């Protein structure tokens, strides 16, 4: 897969070495008509005031507004366009808001505390998941009595099917927010936990994945946390570093299978496609790597499913429930690419994330499905330098810096791309387009950091209009619960969707092919060429919203 991405990027780098200006854009009538068309659409926009049968939330981990914009440019350039004018799938969603991402104890949050906010409706502390702010990081005994419930849990309680699909490990902080209660977000398996919290009764995240609630679809990475220590990995049987890690000797996959009729476990793309299309399958677990799934450019399309594949498979299985479903999908490797200071990895992941959103939009009706796209936090990622229209998103600014050397449009505020030699290194256009290139950073840190900026929320479907203005991040969970008439909003007073009894007929499964093709859309325009150097959420929710029932 990496070769295909490289060829595409080389192609548009050569094509876009000169800035191009569409001649029609020089005419004011072009922009007047464009605005008039958008205005006509806006005037006809009517909120869908029914309840939502289905609930989908797409989480772009670390996908701040700058990342969204850069992804839009990359997508457009991969399609042969100039870039910024090309819409993303999420751009077509009619409602938008901003989300305040701070956690209770941190101005700049992490993926754990934010997941608790947008999935459980309660803000909490740094590195804790599924617990209130009364719990303390790394203090096991503060977990009990401070657990909070997710919207997914409430959807399951209401009779819906539920699922998670992720491009990281399924025990990662973001998907874990749908099912776990932990004061330490990296307790992936029991081997990752100290002795004391185990003695005090705290459970690792993998154990809670199969025991806290009844999840119909689980797709992502994280195999090694599910099997006894030393168990050979099916994909890498001779690699001792990829064997199972569980010290309690449990086979959690087998335990999960034994609980459910109609359940299947898969570990590669072909099996995923086959089982998801089997109408007898109502429970599907797919774990495709020992830890995190591969970056999109490194993915083997014959062995490893894309996030779009996982989304489509999940929707096939979940849609078999006439009462509807709840689905969480995360583009988790966007975040990892940014932490590495490697924008190429982050943005190519974001392009695939957007394709998963597009696939879900084709499979799920806007009339009965509330779909939300958002991010947990942003990153110290930016792009600038007055680059000319059509310049590769990975390219150089048109003018050199004060030291006489070129610099990339994309830069990081901190990260591993800092070079402390006393002299900023030169960077060439070829280097800046290398998939492994780490953009220069102002401050040296081992892993680039998140930021405290607001992030965008995109929404469509029933009650999507409630996502407006600037909101606290936990408001997202309350909108989803209200739209689905789930606790604590079971008396929502909303009529059912008009087509609630319509059988779900997903589009033809696009993952049945074993080769990957890229469709290129070319927009023909007349151009001129320029030379280029290269909080309205409830103040207090009912008690049932906040606390997990003791067992």
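Going from the start of the chain as shown, residues are counted 1 onward.
The backbone N, Cα and C atoms fix where each Cβ goes, glycine too.
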- Note on the structure: For the Zn(2+) 1 site that Swiss-Prot gives as 111, 376, 377, the extra residue out of 61, 138, 429 is 61
- Per Swiss-Prot: Ca(2+) is bound by 235, 288, 289, and from 248, 300, 304 the site also lists 304
- residue 140 (disulfide bond) and residue 174 (Mg(2+) binding site), compared by Cα position, are separated in whole Å by 20
- Note on the structure: Other than 61, 174, 330, the chain contributes near Mg(2+) (Cβ within 8 Å of their centroid) the residues 59, 60, 111, 115, 166, 168, 172, 173, 175, 331, 332, 335, 376
- Message: Name them in sequence order: residues not among 235, 288, 289, 304 whose Cβ is within 8 Å of the mean position of the Cβ atoms defining the Ca(2+) site.
- Response: 221, 223, 267, 268, 287, 290, 293, 294, 303
- For residue 304 (Ca(2+) binding site), what is the tally of other C-beta atoms lying within 10 angstroms of its C-beta? 20
- Message: Checking the contact step here: among the recorded positions 241, 288, 377, 492, which have a Cα within 10 Å of the Cα of residue 174 (Mg(2+) binding site)?
- Response: none
